[in-house]
Amino acid sequence: MKKLKETKISGISLPLYAFFVAVIIVVTLLGKLPLDMVGLTLLLVTLGHLLYFIGEKFPIMNSYLGGGSVFTLIGATLLSFFHIVPSNVIGAVSNFMGGKFGFLDFYIAALICGSILGMNRNLLVKASKKFIPIALITMVIGFFSVGLVGMLIGNGFADSVMYVSMPMMSGGMGAGITPLSQIYAAGLAHGNQAAIFSQLAPAVTFGNILAIIGALSIAKVFNKSKYNGHGTLVAATKEELAKPKIKLDAQQIGTGMLFAFALLMAGDILNKFFPNIHQYAFMIIIVFILKATNTVPKDLEESVVMFNQVIMTNLTHAVLAGIGLALIDLNTLASAFTWQFVVLCLTSVVVMGLASWFLARLFGLYPVETAIGAGMINNSMGGTGNIAVLSASDRMEMIAFAQMANRLCGAIVLIFGGILIRFFY
């Protein structure tokens, strides 16, 4: 009994946490759960922290299968698949995550700004010069590998690259295959955007699952090797790796939040004039330039880092729960499951992982981080997938590079998608 009282879930005592869970169950059964910011935040944060806690307690899950992060994703996905969570709540979570509410934008704004501004300037510039070329070369290698394997197994080069490789590298659902399906539909004589979207979605979903498994495996297998940078892409001095201790200040956290949101809006403004480039990509470029030129005052940098710490600590598990509940559709995945499809998806993930690993050694980067950041991330489903992949491999500090690779490669996929759909069909 004493041990139960001392048990804490994310710093919250077990009796108090049980009260939160009981309230959510009762209000959901009564059909009175508010499908707004209050109700959905309570649901996702409580569910996310609970599933993470359970996952961390399972020995095999904790040691070999990604622990709490992967368990949160799997657990939430199964709750949705078996209709344990009502469908109207799932729909509301979907809107909350990426629709009208933009909860993911809130989270990713904090993540990108905090990770870039909190990084050592020299380290950021040094790593970026080598990482971006590796991500692009890896993408080209992955594209042709999937096409060639497709030819060998009777799936054809065109169908393999256009319906497996391209969607896997497109950057997810919203910013990836939604515009890609529109581009395909416009390029085909009798193209139907909805039908094409349903053909592209399984590759994105399954590719994301394989990317999570791949990132987790790389991190585990090479944990104690010389190839592991422990979250850092390039070899660095102690001074470059040193993270200053920051004392949280309520007013500064508010300032950091406003600055992060303003930079996201600046990305929106640029996206208005260049709609083919995602707002996140513009945001990364802006923050990168500000950091590289030492434009942001130290106290403002610290404010953004504080905001990042608060959001990361309290909302990461909630985001993973939301991804599992609303964004991973096992029915869609099952409908496309053929052995050829599995082989092609595996080819993309394995080849891109190996290519980025060897390119990292050639360019002088840590292979573990590069294989995760350029290989696995380029097969994930965009912002949500990046979070899932990096969380599973305990590399969340790499979010800026992940978004950079994802958005850059995603934009290239959209451009070439419009050209190749007319060329092949």
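We count from 1, first residue shown onward.
Backbone N, Cα and C define each Cβ position, glycine as well.
With a cut-off of 8 Å between Cβ atoms, the residues of this chain six or more beyond the transmembrane segment (11-31) that come close are 4-5, 39, 42-43, 46-47, 49-50, 85-86, 89. The transmembrane segment annotation in Swiss-Prot covers 11-31 (among others) and rests on sequence analysis.
According to Swiss-Prot, the transmembrane segment annotation covers 35-55 (among others), on the basis of sequence analysis. For the transmembrane segment (35-55), the list of distant contacts is 9-10, 12, 17, 20-21, 23-24, 27-28, 61-62, 66-72, 75-76, 79, 88-89, 92-93, 96, 101, 103, 314-322, 325: same-chain residues at least six beyond its ends, Cβ to Cβ under 8 Å.
Here Swiss-Prot flags 65-85 (among others) as transmembrane segment, drawing on sequence analysis.
Residues or ranges marked as transmembrane segment by Swiss-Prot on the basis of sequence analysis: 96-116 (among others).
What Swiss-Prot lists as transmembrane segment is 134-154 (among others).
Nonlocal intrachain contacts for the transmembrane segment (196-216), taken as residues 6+ away from its ends with a CB within less than 8 angstroms of a stretch CB, comprise 65-66, 70, 73, 163-164, 167-168, 170, 172-173, 176-178, 180-181, 184-185, 188, 328-329, 332-333, 335-337, 341-342, 345-346, 348-350, 353, 372, 375-377, 379-381, 385, 388-390, 392-393, 395. Annotation comment: Swiss-Prot describes 196-216 (among others) as transmembrane segment.
What Swiss-Prot lists as transmembrane segment is 246-266 (among others). For the transmembrane segment (246-266), the list of distant contacts is 105, 109-110, 112-114, 279, 282-283, 286-287, 299-300, 302-310: same-chain residues at least six beyond its ends, Cβ to Cβ under 8 Å.
Sequence-distant neighbours of the transmembrane segment (269-289) (same chain, 6+ residues past either end, Cβ-Cβ under 8 Å): 108-109, 112-113, 116-117, 124, 128, 171, 175, 263, 295, 383, 400, 403-404, 407-408, 410-411, 414-415. Annotated transmembrane segment per Swiss-Prot: 269-289 (among others), in sequence order.
Using a Cβ-Cβ cut-off under 8 Å and counting only residues 6 or more beyond its ends in the same chain, the transmembrane segment (310-330) has close neighbours at 10, 41, 44-45, 47-49, 51-52, 68-69, 72-77, 79-81, 85, 90-91, 93-94, 96-98, 103-104, 106-107, 110-111, 114, 173, 201, 205, 208-209, 248, 253, 381, 384, 387-388, 391, 396. Annotated transmembrane segment per Swiss-Prot: 310-330 (among others), in sequence order, evidence recorded as sequence analysis.
For 339-359 (among others), the entry in Swiss-Prot reads transmembrane segment, with the evidence type sequence analysis.
Residues 108, 112, 127-128, 131-132, 135-136, 139, 161-162, 166, 169-172, 175-176, 179-180, 183-184, 186-188, 233, 276-278, 280-281, 284, 373-374, 377-378, 380, 382-383, 385-386, 389-390 of the same chain lie 6 or more positions beyond the ends of the transmembrane segment (401-421) yet place their CB under 8 Å from a CB of it. As annotated by Swiss-Prot, transmembrane segment applies to 401-421 (among others), with the evidence given as sequence analysis.
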Taking a Cβ cut-off under 8 Å, which residues six or more beyond the ends of the transmembrane segment (65-85) line up next to it in the same chain? 28, 47-48, 51-56, 58, 212, 216, 317, 320-326, 328, 330-331, 388, 391-393
Long-range Cβ contacts under 8 Å made by the transmembrane segment (134-154), restricted to residues 6 or more beyond its ends, are 160-161, 164-166, 169, 340, 343-344, 347-348, 351-352, 355-356, 359-360, 363, 365, 370, 373-375, 378-379, 404-405, 408-409, 412
